[in-house]
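Asker: Quick paste of what TrEMBL says about this protein:
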DISULFID  Cys111-Cys121  disulfide bond
DISULFID  Cys132-Cys141  disulfide bond
DISULFID  Cys178-Cys188  disulfide bond
DISULFID  Cys196-Cys205  disulfide bond
DOMAIN    107-142  domain 'EGF-like'
DOMAIN    174-206  domain 'EGF-like'
Amino acid sequence: MPAGWVLRWAPCPTHCVTSWWLLLCSWRPDFICWRWLLLLQIKSQDQSGWKRPPCATSITSVRFTNIYPSFLCCLTATCYPKCKNGGECLRPGKCRCPPGYGGRYCHKVSCEGGCQNGGECVSVNGVVKCLCASGWTGSRCQEAICPQGCRNNGACVAPGICSCPAGWVGRACHLAVCKLPCQHGGKCIAPNVCRCRLPYSGPQCTKKRKE
């Protein structure tokens, strides 16, 4: 018997494909069904917990189907350590992992696309997700958090840092920029737009109204 494999007893359908002295079950590609069986002195239960029919106590070569017509002896893979988190053993040492898990034995939590910006992939109550570092959010921790907000179409590019469009500055992109300063106490309220104090007017509040 190949290393890493154990005997399991299971019914095989009648449409197994004959291949020399082996039968390959097309319904379960991971099973190999033996037409002939070397019966060894064994316990009533194998390593994986499947019960077997009684076997002879000495090494004998028999036609197994003559003894148990409705059964064939099939080999199925076992993985040690066992596949974790619902993984399926495909062949010795090879697990097929469910979504959200990876590694040789499905023991590693795996977030699709990975976690960015220092985020950690964790499993919480069976749900795999990214646990984000402070200042980041999103399914992959790809979105920065700016508690102050970014106004006037500014974009939050890092925790607490806004990227402001032309004509705006400040921590929250809330301060307008006037290339020519507003005069006489005028206030820049939008890019290159001044709000003037009476009696001044004009683009830079330089014109004084006549009384």
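Yeah, the Cβs are placed from backbone N, Cα and C, and that goes for glycine too.
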Asker: For a three-state summary based on DSSP, what are the helix, strand and coil counts in the domain 'EGF-like' (107-142)?
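Answerer: Helix (H, G, I), strand (E, B), coil: 0 helix, 14 strand, 22 coil.
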Asker: At a 10 Å cut-off from the C-beta of Cys141 (disulfide bond), count the other C-beta atoms across all protein chains.
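Answerer: Taking all protein chains shown, Cys141 (disulfide bond) has 23 Cβ neighbours within 10 Å.
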Asker: Would you mind listing the long-range same-chain contacts of the domain 'EGF-like' (107-142), meaning Cβ under 8 Å and 6+ residues beyond its ends?
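Answerer: Distant contacts of the domain 'EGF-like' (107-142): 81, 84-85, 97, 99-101, 158-160.
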Asker: Once the chains shown are all counted, how many other Cβ atoms turn up within 10 Å of the Cβ of Cys188 (disulfide bond)?
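Answerer: The Cβ of Cys188 (disulfide bond) has 19 Cβ neighbours within 10 Å.
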Asker: According to DSSP, collapsed to three classes, what secondary structure does Cys188 (disulfide bond) have?
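Answerer: Note: Cys188 (disulfide bond) is in a strand by DSSP.
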Asker: Mind looking up the mean pLDDT for the domain 'EGF-like' (107-142) in the predicted model?
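Answerer: That stretch averages a pLDDT of 91.
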Asker: Take the domain 'EGF-like' (174-206) and find every residue of the same chain, 6 or more past its ends, with a Cβ under 8 Å from one of its Cβ atoms.
Answerer: 151-152, 166-168
Asker: Within 10 Å of Cys188 (disulfide bond) (Cα to Cα), which of the disulfide-bonded residues Cys111, Cys121, Cys132, Cys141, Cys196 do you find?
Answerer: Cys196
Asker: At the Cα level, what's the spacing in Å between Cys205 (disulfide bond) and Cys111 (disulfide bond), rounded?
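Answerer: Per the Cα atoms, Cys205 (disulfide bond) and Cys111 (disulfide bond) stand 58 Å apart.
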Asker: When you rank Cys111, Cys132, Cys141, Cys178 by Cα distance to Cys196 (disulfide bond), which of the disulfide-bonded residues ends up on top as the closest?
Answerer: Cys178
Asker: Taking only the Cα atoms, work out how far Cys141 (disulfide bond) lies from Cys121 (disulfide bond), in Å, as a whole number.
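Answerer: Cα to Cα, Cys141 (disulfide bond) and Cys121 (disulfide bond) are separated by 10 Å.
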Asker: For Cys111 (disulfide bond), which residues of its chain lie six or more apart in sequence with Cβ-Cβ distance below 8 Å?
Answerer: Gly100, Cys121, Val128, Lys129, Cys130, Arg140
Asker: How many Å lie between the Cα of Cys132 (disulfide bond) and the Cα of Cys178 (disulfide bond)?
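Answerer: Here the two Cα atoms lie 39 Å apart.
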